[in-house]
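Engineer: Below you'll find the structure I mean.
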């Protein structure tokens, strides 16, 4: 005999077993219902026939594009690679059923290869298959509405204009349409006016500014029929941060280093060395970034124009530096400074640039007279009898007025008397006088040579200062002008 506790446990176990059996029976019934429905729908189904009751009726296909990733933009080959979901919605009257007859089944997932599908292809495909593979399943509803959303990776052709690289915008389009059915057989309708970007992964180099879709009815030269297509235009903008940091800013620094060449004095001897160093650094930099710049012969990219501008800039600085050094080391023996050069470079430009000769500043600070007054041609000394007697009188006068002792005065009068008596016949005195005149002439010539050399050096300083400002202006305005082009170009397009 079972007690009441054992009877309760047995009753509970029987209930659980019965519930599990009923659930299993119901599940097997559901699977059987789905299998029966599948066999009933596709027993006599022909996937090659359009799903229309009347041959003259078109199949209305609703089409929508969803983008998940902008994988790559190849500027050289002009290809845009995208990861897309293509949503097709149409109605097939042959695939209807009553849910009440099949245990309430309202949806059925069927292989896409088992049903009729619109042959929607990408017209401007560049690489790979033009048509989407039918490996995914389609969602079939009891009223005959079919939703098929296959994923696809397309490499579409996209004519690109890289004139303003790396500040460029591109307009790439994806053109979808039926390849064999015309408008009378398939009518494409676009779902919404924008590309679905809810599941889009941001790209590190490109930003999608706008993605709009448009429907077109086109008559091609090959055929009499009108074909419908849906074209999505992707307006994308390049993110220039990478190129700005690694390309443009180093070029700017190199350009401004070139300007500093004209601030170096010519005497230091490092002007040409600095120019060559800057040119070599720019050349090495160009070799490094060659693979980064799009290689095309259709247009010159903006960054290519800037690199060319920088190269010309550095080359001109070397030419100007050589010219300045040539001026700096000129002498009266090799060159004569024309008057117009003196007027322009020694008077006009210094006043405009507020430059003054260092010698002039020294004279103002120390109150020194013009050195030219000290280098005037001395009067030729002529030792005539009249001059000699005058000189001797002055010497006797000095001797009389002095406080020298009489013994010493008597001894000092003897050389003077000897000079007076033997001046006419002394050849040594004449040699001394000629030597003094020779020294005076050499000093005068040396001073004049120094003045001319100082003028050439000062002219070199003026030319350096002129080109310093010229190169600063050209560098600033050239850089601003080049990089304002994308802004002005986009404003004009808008």
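Placement of Cβ uses the backbone N, Cα and C atoms for every residue, glycine included.
Pulled the feature table from Swiss-Prot, pasting it below:
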- 158-172: disulfide bond (DISULFID)
- 222-223: disulfide bond (DISULFID)
- 54: N-linked glycosylation site (CARBOHYD)
- 171: N-linked glycosylation site (CARBOHYD)
- 401: phosphoserine (MOD_RES)
- 399-423: region 'Disordered' (REGION)
- 1-30: signal peptide (SIGNAL)
- 31-240: topological domain 'Extracellular' (TOPO_DOM)
- 328-465: topological domain 'Cytoplasmic' (TOPO_DOM)
- 241-265: transmembrane segment (TRANSMEM)
- 272-290: transmembrane segment (TRANSMEM)
- 306-327: transmembrane segment (TRANSMEM)
- 466-485: transmembrane segment (TRANSMEM)
Engineer: To the nearest whole angstrom, what is the C-alpha distance linking residue 54 (N-linked glycosylation site) and residue 223 (disulfide bond)?
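Structural biologist: Roughly 24 Å, rounded to the nearest whole number.
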Engineer: Please average pLDDT over the topological domain 'Cytoplasmic' (328-465) for the predicted structure.
Structural biologist: 66
Engineer: Within 10 Å of residue 171 (N-linked glycosylation site) (Cα to Cα), which of the disulfide-bonded residues 158, 222, 223 do you find?
Structural biologist: 158
Engineer: In sequence order, what residues of the same chain, 6+ apart, have a Cβ less than 8 Å from the Cβ of residue 172 (disulfide bond)?
Structural biologist: 73, 80, 156, 158, 160, 233, 234, 236
Engineer: In the same chain, which residue numbers or ranges, 6 or more beyond the ends of the transmembrane segment (306-327), come under 8 angstroms Cβ to Cβ?
Structural biologist: 248, 251, 254-255, 258, 261-262, 266, 271-272, 275-276, 278-279, 282, 286, 300, 456, 459-460, 463-464, 467, 471, 474-475, 478-479, 482-483
Engineer: Hey, of the glycosylation sites listed (54, 171), which one tops the CB count within 10 A?
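Structural biologist: Within the set of glycosylation sites, the most crowded position is 171.
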Engineer: Would you mind ranking the disulfide-bonded residues 158, 222, 223 by how many other Cβ atoms sit within 10 Å of each Cβ and giving me the lowest?
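Structural biologist: Across 158, 222, 223, these disulfide-bonded residues, the one with fewest Cβ atoms within 10 Å is 222.
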